[in-house]
Amino acid sequence: MEIQHFSHHHPLVFIQAHSVASKAALCLGCQKPVEGCSYGCNRCEFYLHKGCAELELAPKIQHPFHPKHPLTLLPKSPYSWATTWCDLCDKPFWGFSYNCFDCKLYLHINCALLQSSIAANFPNSLHPHPLFFIQNHNNEVETHCSGCQKPMSGPIYRCLDCTSPRRFNLHKECAELPLEVNHPYDRKHPLTLLPQPPTHPQKCSCSLCIIQWKGFVYSCSLCNFDLSLADFLFPPPTITVASHEHPWMLISRKMSFVCDFCGTNGDHSPYFCATCHLLVHKNCISLPRHIMITRHRHTISLSYSLRQNQIEDWMCKICYEEVDIRYGNYRCPASRCRYIAHVRCVTDKAIWDGTIMPEGYDERSEEVVDEPWNLITDVVEQIRIGELMVASEIKHSYHDHNLRLTFSGKTKDDDSQCDGCTRPISTPFYSCEQCKFFLHKDCAELPKEMPHPFHKHLLTLLNSRNDYGYSWCRAYRRLYQGFSYRCYEGDCSFQIDIQCMLLSDTLKHPSHEHSLFLVHNEGTSCSACFKGLYSWDVAYRCLRRCDFSLDVGCATLPLTAWYKYDRHPLTLTYSNDSEPSQLYCDLCEKEREPNRWFYYCADCDNSLHLNCAIGDLSYMKLGNKLKVYRHKHPFTVVKNIWNCPPCKGCGEVCNGQALECKESECNFTVHLNCLWRRLRSI
């Protein structure tokens with residue numbers, strides 16, 4: 001059975017059972033993994049759930065979220081070079097959507113189909129814009145409530161006039177709170193509901209300022225008393241939690257203390273366990289006893305009674321600062337494992353996904369990398385090398401033919417690349433005798449699923465690209481082709497290339513004398529390229545707290561590169577003592593900045609910019625094609641060595657890697673960065 005769907009130019013064939021385990025695929029409508037019945041075009045690797053393919057979608061609709069103009073149905077995101085975000089849920093998308101071209105408004109299909117209505121009689125004193133009531137948002141909205149600061153769930157109210165990151169959202173319960181209440185904390189006057197706390201002195205030490213509360217408050221201006229919505233809705237003086245065997249009692253007065261769980265200072269009302277004689281923050285009483293993080297392969301457990309002889313190394317394995325064992329920490333209870341970390345480091349949102357392991361959980365290793373079900377290769381033939389048995393021929397899930405192990409060397413003129421990581425082939429590697437398909441041995445042995453310290457969820461290996469023929473690495477925001485690891489947890493779209501996947505949480509780089517460790521949310525700059533790091537980036541910092549950081553791009557630079565006029569490999573070089581007059585690139589003949597890394601041959605005294613040596617397409621495979629929005633022909637990734645053509649964008653010679661369109665009406669070559677600049681200007 002075939003259908004002709006508006007989103008694809010070929011007929012789509014009905015597939016009775018599409019198994020994600022056999023070949024990872026995403027529905028190009030709703031962006032969720034394809035399982036069960038589906039429609040697809042195997043030639044283009046284009047698939048739709050049966051339900052998505054059979055949706056009766058009008059070409060234009062009037063939607064309550066945007067009553068000014070009709071919304072037009074689009075089969076996919078119109079931008080190939082940038083991420084498109086849904087204006088309701090603020091999530092990236094590339095599948096079906098409805099769009100208002102005049103207002104640049106986008107609703108991906110899941111949000112466009114939500115049932116909603118305009119909320120009537122919502123008080124302007126709490127928010128000036130109209131709110132939309134959504135009875136069931138199907139977990140599309142994953143932000144926090146602007147009133148109680150807790151995650152959104154159940155029926156919600158949402159403002160579409162406010163833009164991210166200052167979206168205004170309310171639980172139904174928070175939207176229906178009374179504007180005035182009588183409360184035992186202030187028996188003289190009623191408390192008035194305000195959308196945010198009143199202005200306090202700069203060095204105020206009240207509980208709201210300490211926790212930096214941003215949500216609704218009940219306030220009495222006469223008494224200078226403010227009560228957070230969280231305290232109003234959840235005010236019990238004693239609390240019992242599953243992670244602690246005794247009840248917690250609220251001490252109803254301000255006091256300075258050090259939390260016995262997280263080891264940080266507090267100067268507001270703590271909770272006290274009379275049996276254990278523990279003083280803790282309110283947020284710490286619910287710390288889970290056992291959790292799993294991707295930074296460690298075992299379950300780790302909360303401990304607040306660590307004895308001096310239990311662990312010899314008191315260094316936190318996340319931030320690499322000393323752990324004060326007088327206070328709580330998370331450690332590994334497995335025998336001979338010395339893993340320990342601060343509570344604040346382990347529970348960081350970038351490190352822990354919030355999953356709690358049940359009490360009495362068997363503390364065995366969660367390592368699944370080497371389990372048979374997690375392998376994507378079958379061994380066809382083995383050979384003995386010394387005492388080891390090595391697979392000399394394998395069948396890989398991502399190639400139709402058998403692959404044979406090769407130990408032969410390569411020359412600098414051999415441009416063969418690994419189809420997994422796209423790096424130049426080096427021994428040992430597997431190759432196909434019928435196709436030009438190569439895999440480094442490490443890439444061929446990658447597991448189907450594995451954790452990685454860059455991300456808090458389990459990642460899944462896949463060999464698929466978007467409609468434009470490439471993927472986008474979220475760890476360093478670069479284009480690449482080859483294998484990927486992607487997160488399928490909910491609507492998480494985290495995806496990284498294999499070069500990033502091969503990194504760990506510590507790094508010994510020849511550019512620095514000390515070891516480096518992985519950090520999240522640093523907001524600093526790279527010591528190699530001096531580019532600023534965003535708050536959501538990962539990077540490596542010096543263990544000894546030197547002022548040295550490396551972003552992922554510089555950490556994965558190849559240590560050697562080739563230059564067409566040099567018979568020796570050029571070495572990645574980190575400093576230069578040459579005179580300023582000698583700081584030139586021998587390829588482009590432009591100046592080099594004195595503190596920037598470069599590639600250098602000491603024998604021939606050749607120096608090249610990083611980009612001149614390896615290009616801006618070093619993670620793309622030569623000969624592969626990719627599409628670019630607003631250009632009707634596919635581009636081919638080429639490498640120009642001799643008789644290099646000029647760039648269509650900047651007019652300079654295209655030495656090395658570039659994009660080529662050989663169609664008769666085009667017939668031009670362009671640098672990738674020049675192409676991006678041209679598209680941005682359009």
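Using N, Cα and C of the backbone, Cβ positions are placed for all residues, glycine too.
Residues annotated as domain 'Zinc finger PHD-type' in TrEMBL: 26-104, 258-320, 417-477, 584-648. Residues or ranges marked as domain 'Phorbol-ester/DAG-type' by TrEMBL: 77-117, 246-290, 399-451, 512-562.
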CB contact flag for the domain 'Zinc finger PHD-type' (258-320) and the domain 'Phorbol-ester/DAG-type' (512-562), at least three pairs under 8 A = yes
Count the CB pairs under 8 A between the domain 'Phorbol-ester/DAG-type' (512-562) and each of 26-104, 399-451, 584-648, then give me the winner.
-> 584-648
Per DSSP, the domain 'Zinc finger PHD-type' (584-648) contains 5 helix, 19 strand, 41 coil
